[in-house]
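So the structure is just underneath, and the comments pick up after that.
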């Protein structure tokens, strides 16, 4: 059986009008303009893939900052309410878990769940940890650092998530 292999510089006559990037979509995050106009990318090359950097930054990547005075985690959880989130400190780790049951949105029914685990620096004061959810869905987990030589206190406990009415001051990537 002979299989015809098409050179990348030659395209089908209607090739630009067929969506060929089905697996580039971030399911549950909606569509961008270039998802609706697939012929723009295939006119360059049939092997061209849209950059996903913008989509990845908007899809829940966290940012961890650890400076001299404090430790902060920023996490985009815009699809979750404070009741859907659980934040626990287990020895040297903070575990953030989010889950919401199936609900209807513009495209059908969807359920989401994530689990993130971060190592806390040894000099973070675990008795002063706080967690808040901004109006735009940015979860901020923070704790002050203590001078070296002072016991930071390690224990297992749940951190309540408080709701803020203002948007986050986290950097937009």
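Any Cβ shown, glycine's included, is placed from N, Cα and C.
Source: prediction; values computed, not measured.
Here Swiss-Prot flags 154 as Zn(2+) 3 binding site, drawing on similarity to another entry.
Within the domain 'sHSP' (52-162), the DSSP-based counts of helix, strand and coil residues read 11 helix, 61 strand, 39 coil. If you look up Swiss-Prot, you'll see 52-162 marked as domain 'sHSP', on the strength of sequence analysis.
If you take the C-beta of residue 162 (O-linked glycosylation site) and look for same-chain residues 6 or more apart in sequence within under 8 angstroms, you find 82, 130, 131, 132, 133. Feature annotation from Swiss-Prot assigns O-linked glycosylation site to 162; the stated evidence is similarity to another entry.
Feature annotation from Swiss-Prot assigns N-acetylmethionine to 1.
Marked as deamidated glutamine by Swiss-Prot on the basis of similarity to another entry: 6 (among others).
What Swiss-Prot lists as phosphoserine is 45 (among others), and the listing cites similarity to another entry.
Residues or ranges marked as deamidated glutamine by Swiss-Prot on the basis of similarity to another entry: 50 (among others).
If you take the C-beta of residue 70 (N6-acetyllysine) and look for same-chain residues 6 or more apart in sequence within under 8 angstroms, you find 142, 143, 144, 145. Among the features that Swiss-Prot reports, N6-acetyllysine is placed at 70 (among others).
Annotated N6-acetyllysine per Swiss-Prot: 99 (among others), in sequence order, evidence recorded as similarity to another entry. Counted within 10 Å of its Cβ, the other Cβ atoms near residue 99 (N6-acetyllysine) come to 13, all protein chains included.
Sequence annotations record features per position, and here Swiss-Prot assigns deamidated asparagine to 101 (among others) based on similarity to another entry.
The phosphoserine annotation in Swiss-Prot covers 122 (among others). The number of other Cβ atoms within 10 Å of the Cβ belonging to residue 122 (phosphoserine), over all protein chains shown, comes to 11.
What Swiss-Prot records for 123 (among others) is deamidated asparagine, and it gives similarity to another entry as the kind of evidence.
Restricting the average to the region 'Required for complex formation with BFSP1 and BFSP2' (1-63) gives a pLDDT of 52. Per Swiss-Prot, the feature region 'Required for complex formation with BFSP1 and BFSP2' maps to 1-63; the stated evidence is similarity to another entry.
Annotation source Swiss-Prot lists region 'Disordered' at 144-173.
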Give me the non-local Cβ neighbours of residue 101 (deamidated asparagine): same chain, 6+ apart in sequence, Cβ-Cβ under 8 Å, ordered along the sequence. 111
Between residue 99 (N6-acetyllysine) and residue 123 (deamidated asparagine), what is the CA-CA distance rounded to a whole number of Å? 30
Have a look around residue 123 (deamidated asparagine) and count the other CB atoms within 10 A of its CB, chains all included. 17
